[in-house]
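Colleague: Supplied in structure tokens, the structure appears directly below.
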Amino acid sequence: MAEKYKLSEGSLRVIMKGGQIDNAIMQVLDTKRIASGNTDKERYRLLLSDGKHLFSFAMLTSQINDQIVNGELSDNSIIKIKKYITSVINNVGKAKRVLVILEMETLVRGENTSKIGSPEPLPDDDEPLVENDSKNKQVSSTSSSTLHVVNGNNRSVNDPNVSIQDQLTHPISSLSPYQNKWIIKARVSNKSNVRTWSNSRGEGKLFSMDLIDESGEIRATAFRELVDKFYDLIEIDKVYYISKCQLKIANKQFSNLNNDYEMTFTPDTIVQECHDVVESIPQTRYDFISINKITHIEVNTLIDVIGVCKNVSDLQMFQAKSTGRELKKREVTLVDQSSNSIALTLWGAEAESFDGSSQPVIVIKGARVSEFGGGKTLSTGVSSIMKINPDIPEAHRLRGWFDNEGISKTAVNISARSESGGYQTQWINIKDVQEMGMGQGEKGDYFQVKGTILLYRSEGGIYKACPKEDCKKKVVDQGNGMYRCDKCNREYPNFKYLLLGSANIGDWSGNMWISLFSSEAEKVLEMSSQAVGEAIESDPQALVEIADKAHFKQFVFRCRSKMENYNDETRLKTVALKVEPVNYKECNSHAISRIQELLN
DNA sequence: CCCCCCCC
């Protein structure tokens, strides 16, 4: 099998002297984990042979470590190097050339072959094949790899007579806090607004940017006076040489960039725009998660997602419970080739300006996964980047799928609350609500129970609400034919009736009070809110009779219980999110399985 | 040195 592949003899010498070799075929004679204090930042060093020479300063970019970890890259493997960078690292004061493999393919696994030829160590005193001959001229390549050629290795980053372009650049993936002499050549793929903060540790302002090169990406942040120095200089999509930043461990909670470190600008930081041809530096890196897989992703994770905007809601406004701030949101339904859909919430200005009417492809880097009522949702935040109809292959493929197939397909909605979408909440008995200590958590507890309406409360069972769709705020009768909604902050000439359901439900084990959404109260009373309101207009006691008809009816109540505060008192509040007729087949099979459990 | 990211 190995005979099929001939090693690219002599290629190592060419590559390490600045030449370009596409798809070089080499043999990996040995792999070694590089000792590092941080186990998250594993690095592997390879001993490579091109059949003629040996080279031991080869590394894998950490993104492809799994090819070693899963055993695919055992000793003697024959590989094709599809993408690489050569670079220089500072090795105890001496510049040392390394080869960083960005992308490779295993052609023959090690166990199916053996060492080929008698390669000898690559001499490192050769004359360069390519000279870095003119000042201010970086060796650039339009191919997938950029080469940075050594031409005298003792130039210091500190030498003010040397323009930064003359220096050697390092791949972003090689940066670490343990080594501070480096220059990166990176594109700014995202730049935040200037934000201010004020907390117990002080106050100030900052902005951050995402930097990207062929090897990887990293976030950089500038604080206080460095904001004034750099904010206007740095523009999105431009390429810069950057050096002398401080490296620290990245907090994964706030960034999903593929880097264990992040950088902070210092007063010594140097930023210089690069005007060379730089098409080899990518625009943005994505690690898209298919929508059906988001079901299993932990809440609060940041992910990259791509989807067609199948539906979009109106702009909604309300006040934040905690801060009282006016919030604006818009909900977008994204669908992808998995034929699953998810709700994405946009906030603030992004929500306001969003136009989804043409069903565009939406790409989000760093969307936050949340949970609502048992379903998963996404939302954008300060560090997410949203792109509409970006010119990337994934977007074109998705467009094609949607226009031909997706548009007429029903998608599984993974944001569906527990009552639909195949997500089953737990069946319980009423006594369990107390006994299991429901509702202690932040999000509350969800369950379903089969119960009988013992008492439907008619007092205060209906109110005049804001006529605006989706607004359920009680209006204040102005006495002049106008009704004021404090939530919308305006007066309307009309209102709508809404039921405010409250009922005591019981089963064999006990009873409890629940409140019901108006839509669900309508199901229990078998009347619309509007009809009940009109009945009350002619007879104030009408709801007593209407409620009486609901007594002793049986339903399945899908509920959420949560501890809530009422004037210094904490009480458990249970809301029936959904009321459904009893499905006897389902209830009985549940009862049978419970009996089986008890027998065992 | 930020890091709140909201609501049903």
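Backbone N, Cα and C atoms are what each Cβ position is placed from, and that goes for glycine too.
Here's the feature list from TrEMBL:
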{"type": "DOMAIN", "residues": "A:7-108", "note": "domain 'Replication factor-A protein 1 N-terminal'"}
{"type": "REGION", "residues": "A:112-161", "note": "region 'Disordered'"}
{"type": "COMPBIAS", "residues": "A:147-161", "note": "compositional bias 'Polar residues'"}
{"type": "DOMAIN", "residues": "A:183-255", "note": "domain 'OB'"}
{"type": "DOMAIN", "residues": "A:291-389", "note": "domain 'Replication protein A OB'"}
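Map these features onto the structure and tell me what's around them.
Modeller: Counting residues per DSSP class in helix, strand and coil order gives 6 helix, 43 strand, 24 coil for the domain 'OB' (A:183-255).
Secondary structure counts, DSSP: the domain 'Replication protein A OB' (A:291-389) has 10 helix, 54 strand, 35 coil.
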Colleague: In the domain 'Replication factor-A protein 1 N-terminal' (A:7-108), how many residues does DSSP put in helix, strand and coil?
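Modeller: Breakdown, helix to coil: 13 helix, 54 strand, 35 coil.
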